[in-house]
Every structure is written in structure tokens, then in C-alpha cells.
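Taken verbatim from TrEMBL:
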{"type": "ACT_SITE", "residues": "245", "note": "active site, proton donor"}
{"type": "BINDING", "residues": "16, 17, 18, 19, 20, 21", "note": "NADP(+) binding site"}
{"type": "BINDING", "residues": "146", "note": "NADPH binding site"}
{"type": "BINDING", "residues": "230", "note": "L-homoserine binding site"}
{"type": "DOMAIN", "residues": "177-375", "note": "domain 'Homoserine dehydrogenase catalytic'"}
Ligand SMILES: NC(=O)C1=CN([C@@H]2O[C@H](COP(=O)(O)OP(=O)(O)OC[C@H]3O[C@@H](n4cnc5c(N)ncnc54)[C@H](OP(=O)(O)O)[C@@H]3O)[C@@H](O)[C@H]2O)C=CC1
Ligand SMILES: N[C@@H](CC=O)C(=O)O
């Protein structure tokens, strides 16, 4: 039987082709038959990293072909620059200084015709102004990067101003349907009063491995190698990554707050922070300085039948994120590995909260969440006859 005709074509420019971005490209390629059966086609017209942007020569063609995308993943994972792909033909390369203009030209051309989805899988604030300009061109935005939604409130407001055109499920809980659930509850007129949970795959993994007697510095490095941590793991250990998730959720609930309004507990002192040493130095020498004090905290909790968890609490009275001792035999205490758990309380879920639990970090699940977000926009990209 012939596959159904293509109903929606979604042109995509991907910003960031690190662990998550590359996995997204692999998912896009491997899901072609599935999407074709659903009448959906994703056309990757450009991919950027921190130094350049690779764009399809003809924006209205089929985009960068799958063989090129696979080679791009191989090149980037072996440390080659995007320029190594130029010899393949069918694409053009723009340096960092020209990339922003080219993305916006592309957004402007496609925004007026086929539409464009700008997908941010970087971990930088540098994309914010480009995303806002793309929104002005009528483009859609999909984010794994939390930073654009956690800078100035007016930037958040701008990005979500057309809620139909933005998706950011993977910013909280990776592939878990946290944003979708909260959005649906709010849309039904059921006021969300409280969200409590463990929202860091890295810290969840680290804490549960510590219970098995492993050394803090070792498990943090393992979490990094498993793709759970941010590019600089101090973003996780400082609590800032969880605070960003809390801020996104709080803003989604209508709170006009900023990062400074969130109480954040860090697992390391400022002497080991980014102003004092590089990520490499931190991993090689700084991290091990924390082993003893963390081991003592784990032991002290264990003597009381408790375990340590990094807990996030969002209420109308404020947001806080920090380490807590919780009973070993509680929902939070039973968490293992990179799993997240989120409890959502509202009028309908007052005494028994809505609970969402599952893998909360990792390139695979995060990229799957991003892909689902892109496909979710398909109705805005219907082909005209
Ligand atoms: N890993 C996970 O479990 C989860 C991750 N996320 C988020 O996904 C994002 C990506 O994470 P991850 O893939 O692990 O990070 P990586 O560090 O592996 O990749 C980041 C990518 O962004 C690129 N980049 C940096 N600056 C820019 C820029 N100005 N424009 C375009 N690209 C740029 C980097 O370029 P270069 O290759 O040149 O360095 C790199 O390719 C992060 O924001 C993270 O918070 C969200 C949920 C879960
Ligand atoms: N570093 C983050 C990745 C997902 O947001 C985490 O550990 O949860």
C-alpha cells in the first residue's frame, strides 16, 4: 500500500549539535518511515554550532539530505568542525559572525512562505535575541535550552506570546510530559497550587549512587559521561539547572518572577565556581575536594533512615530548590538513577496529586521530547494544494 500523501512539511533550523542536537538528527532520520505514514516530513534546512552554520543551498529543496545529516553527527562526535561537511556539496557554510544574519534571512524567507521551526539545543543565552526576532518573522520555536525562558521576564513573555507557536517540553523533565500536563490543567480552569519534585536527572543519579557507597567525584563524572549533566556540571551542582526548571514552571503558572526570587542551595562553595576555575580544572581537582563533606551528609541522613534528595518546591508564596533529607521509603526516597518525579497539586488533584515519573535526563529521552514537540506543530505547516 502506498504511504499517505505528505500533509505537513516542517522546515527546521537546529541551533546546537552536541549530545542532544545530534541525537535529535538521528531520531529525525530514523523516524522518516513513521512520519511518512503520518503524512509528516521534517526538512532540516540548517544546523549551527558555536562557530558556524551549515545551510542547504536551496532553502526550498528537500534540505540537507539524510546521508549528510548522519555524516554531520559522526563529524561532530569525533571533534571535526561543520566545515568538514562542505566537500559534500548541496550546502553553504557561514561563520559565527554571519550565522545570525543568515538564520534570520532564512526565517524571514521561510516565515513568509512555508514557515520555519527554530530548534534550540544549545546551552547558551546567545540565541535569545535571534529567537525573539524569529518569532517576529512568524517562525515557531522549540526549546531544549532553558536559558531563553529564564532570562528577563519580558523575553519569556515575548517568546510565549503566541503559545501555539512555541514548545518547550524538554526544558523540564527531558522527555516527560510535565509542561503538557501543567498546561492542560491550567487550560481546564483548575488552578495549580503547588508543584513539588526531584527535577534533576544528574542530582537524582548522583544521590542514589552515593547511597550505594560510591564516591561523589566519581559519580558526577559518570553522570557527565552518560549525558545527564549540563556542559559544565556545576550548572547542575549549583542547583541553577533545577532553579531554571522551577522558574519555567512558576512563570507557566503565571508568576512574574525572576531567578533572584528563587532560593537556591549550591553543593559547592564559590572557591570552586566558574569565576575561580575552568570546567576542566573543576573536574580534575575541584570536584574531589567535596567528597568528604558529601559523604558525611549521606551517612548522617542514613543513620536516621533517610536519604538526600535535591528537591524543588513551587508555591504561590515562593520557589525554593535545595537538598533535603527524605525518608528512604518515600516517593522521593525511592527514586533511582536519572529518574525525575513531579507531583502537581490543584483543586482536582488536591489530596492525591498528579504524579509524573520517569527518566529525566539523557540525550535520547531529551531528543525524543524535542522531536515530539516539532511533530506537534504539524497542523501549522499544512501543505497547500
Ligand atoms: N542532556 C540532557 O539530559 C538534557 C539537556 N537539556 C538541554 O539541552 C541543551 C543541549 O545539551 P547538550 O546537548 O548536552 O549540550 P552540548 O554541550 O553537548 O551541546 C551544545 C551545543 O550547542 C552549540 N552551541 C554553543 N553556542 C551556540 C550558539 N551560539 N549557536 C548555536 N549553537 C551553539 C555547541 O557548539 P560546539 O559543538 O561548537 O561546542 C554544541 O554543539 C542544553 O541547553 C541542556 O540544558 C534539556 C533537557 C535534558
Ligand atoms: N542536566 C539536566 C538535564 C536535563 O535538564 C539534569 O540533570 O536534569
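Placed from the backbone N, Cα and C atoms, the Cβ positions cover glycine too.
Unlike curated entries, TrEMBL annotations are predicted automatically.
Recorded features from TrEMBL, shown on the structure.
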residue	record	DSSP class
16	NADP(+) binding site	coil
21	NADP(+) binding site	helix
146	NADPH binding site	coil
230	L-homoserine binding site	coil
245	active site, proton donor	helix
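Checking the recorded positions 17, 19, 245 for a CB within less than 6 Å of any atom of ligand 1 leaves 17, 19, listed in sequence order. Fewest other C-beta atoms within 10 angstroms, among the binding-site residues 16, 18, 19, 21, are seen around 18. Residues 22, 23, 24, 121, 122, 363 surround the recorded NADP(+) site, their Cβ atoms falling within 8 Å of the Cβ centroid of 16, 17, 18, 19, 20, 21, which are themselves excluded. Under 6 Å, Cβ to nearest atom of ligand 2: this is the test, and of the binding-site residues 19, 21, 230 it is passed by 230. Neighbour density at the Cβ, taken as the number of other Cβ atoms within 10 Å, is lowest among the recorded positions 146, 245 for 146. Residue 20 (NADP(+) binding site) sits 11 Å from residue 230 (L-homoserine binding site), taking the C-alpha atoms as the reference points. Computed over the domain 'Homoserine dehydrogenase catalytic' (177-375), the whole-number mean pLDDT of the model equals 97. Taking Cβ-Cβ distances under 8 Å and a sequence gap of 6 or more within the same chain, the neighbours of residue 17 (NADP(+) binding site) are 25, 47, 48, 49, 72, 73, 76, 82, 121. When the C-alpha distances from residue 18 (NADP(+) binding site) to the recorded positions 146, 230, 245 are tabulated, the minimum falls on 230.
A sphere of 10 angstroms centred on the C-beta of residue 20 (NADP(+) binding site) encloses 26 other C-beta atoms. Per Cα geometry, 230 is the residue among the recorded positions 146, 230, 245 nearest to residue 19 (NADP(+) binding site). For the residue listed as 'NADPH binding site' paired with residue 230 (L-homoserine binding site), the C-alpha to C-alpha distance reads 11 Å. Reported as a whole number, the C-alpha separation between residue 16 (NADP(+) binding site) and residue 230 (L-homoserine binding site) equals 13 Å. Cα spacing between residue 21 (NADP(+) binding site) and residue 230 (L-homoserine binding site): 13 Å, rounded to the nearest whole number.
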